[in-house]
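As given in TrEMBL:
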- 226-253: coiled coil (COILED)
- 248-382: domain 'GGDEF' (DOMAIN)
- 6-27: transmembrane segment (TRANSMEM)
- 34-55: transmembrane segment (TRANSMEM)
- 61-80: transmembrane segment (TRANSMEM)
- 92-111: transmembrane segment (TRANSMEM)
- 117-136: transmembrane segment (TRANSMEM)
- 148-173: transmembrane segment (TRANSMEM)
- 185-205: transmembrane segment (TRANSMEM)
Amino acid sequence: MIAHTPTIFASVAWVAMIMAFCLLVVGRFNQRDGLLTVGAGLLAHALAYVCFTLFGHASLWVTYAVPNSLLSVAVAFYTASIFRIAEHRVPWLWLFSLPLCQIVLLTLLLNTLEPRTLVASGILMIQCAFIIRWAAHFAQPGGRAHILLIVGAGISLIGVLIRVVSIVGGSAVEMRYDVSNLRQSISISLGTVTVMMLSLGLVLMSKERSEAALKYLALRDALTGIPNRRAILEELEREVERARRTDTRLAIVIIDLDHFKSINDQHGHLAGDEVLRHCVEQMKKRLRQTDSLGRYGGEEFLLLMPGATVEGAMTAVEDLRQAISDNPTLFGQQCIPQSFSAGVWVGVPSATDDGNSLIAQADAALYECKATGRNTVRLAGGKLVDASATAAVTT
């Protein structure tokens, strides 16, 4: 079916205008959710299509140079939205250099037919390729919103390509904005699909990022930045299951800062917070990438060491204990010494073991440490490593 070309332009403009109004109302520039820039892009898109409806009734500059440049501005805003949603610096200069080139070149080539159309189409194709590139690059792990952006930009490329093929084939006159034919109807109708898919894809991409950020915050300890109790216990269950399935060893360590209540009472809770942060930083610097450290509660931490042997685990934990003792916390003018005691369980989980039962064994070893003077490391069912001993422990 051959549709009336100006009517298609008016329909797309109306849809884009409504969506732009909604996003501009709720968007804020200081929020990196991309809604404001998406709304700005839709507004430019709508204004471009309004100008197209005037083709043949106003000057070429108003009905060709301006609207094609506005389309380029719209795509630049869509691309900027991807960067804002991904919380990366927006390269405003190079994004909007293409629309600037567009308006300059189209003004110079305004009285031509094929050259001006090829320039307008070429710049738009480059911008659509940028959207595909950056949408794939900044895709949220496990998300699908970027697929809408890639498909939407791809559809736009197809629509522009139809115009390019027609021009190269000598049918440039048939692609005037006031001419109605099948190729024109298909090419311009794809603009409606592009508006819907790009705007919806960007909004959903923003939603995915927000959900991922909320999930991250929900599983992180606000003070230390490491996994909180819920997150580290979930990781424990995964590691126990993996160790059981692969018949490999797993080390589970319960770490408790010694006399932490006294630190709070003597130096204040802000100092206590700084001690916790300092101890976490000291431990993180000495752990493997495969190890997981989480805040178990209060001044207690849970450390998971996949694949660790008894000797390896005890040596590693003793090194941590020594580092904590040797590096007191600096808080203002105060130098606050600290130490920890730790209970360690190492082995291959049996069919009846679960995270709670293994923590209980490590916890029992920890309380034996406390009963024998603190600042020590004990292996569940094994020997004690005190502050002056080496890490050579046998089971």
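For all residues, glycine too, the Cβ spot is worked out from N, Cα and C.
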Counting by DSSP secondary structure, give me helix, strand and coil numbers for the domain 'GGDEF' (248-382).
58 helix, 38 strand, 39 coil
With CB pairs under 8 Å as the measure, which of the listed stretches 34-55, 61-80, 117-136 comes out on top against the transmembrane segment (92-111)?
61-80
Contact set, same chain, for the transmembrane segment (61-80): CB under 8 Å, 6 or more residues outside the stretch:
34, 37-38, 40-42, 44-45, 47-52, 54-55, 90, 92, 95-96, 98-99, 102-103, 106-107, 110, 116, 120, 123-124, 127-128, 130-131, 134, 177, 198-199, 202
